[in-house]
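A.B. asks: Below is one structure. I have some questions about it.
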Amino acid sequence: DDCCSAADRHEVLDNWKGIWSAEFTGRRVAIGQAIFQELFALDPNAKGVFGRVNVDKPSEADWKAHVIRVINGLDLAVNLLEDPKALQEELKHLARQHRERSGVKAVYFDEMEKALLKVLPQVSSHFNSGAWDRCFTRIADVIKAELP
């Protein structure tokens, strides 16, 4: 499968360990918020989906908690890249969750990828954007498959 090959998965996992490992817990909120800021800069309409978690008050605990939940979902997906069956089950679960949320659109996942590809290289010394593009596409394609 050349869409997120074994080499790509290795690169993504290696990059991710350097970004999201336990030693960096203090910066997780900042990284997550930077990703969302970039998403909202790309598409201000995406903000509307997050009204119930205080998106307009980035210093509020409920927004920070939501940011961490989203990035932890990415963390889980990235760490399941080597286990395709478990990954598929997790992505189906995430797809269901996103289908049930009013206003979530497939295009937001494309924009989230652009945001990730802009922010993550700033916190990873050897970021492989090609591998991330291919593997995030594999993840996002399942989640957004039934979204408008």
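Just so it is clear, glycine is given a Cβ too, placed from its N, Cα and C backbone atoms.
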A.B. asks: With reference to Swiss-Prot, specify which of the listed residues Cys3, Cys4 is paired with Cys135 by a disulfide.
C.D. replies: Cys4
A.B. asks: Across the domain 'Globin' (3-148), what does the mean pLDDT come to, as a whole number?
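C.D. replies: Reported value for the domain 'Globin' (3-148) is a mean pLDDT of 94.
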A.B. asks: Select one residue from Cys4, Cys135: among these disulfide-bonded residues, choose the one with the most other Cβ atoms within 10 Å of its Cβ.
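C.D. replies: The residue with the densest Cβ neighbourhood is Cys135.
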A.B. asks: DSSP says what for the domain 'Globin' (3-148): how many helix, strand, coil residues?
C.D. replies: 114 helix, 0 strand, 32 coil
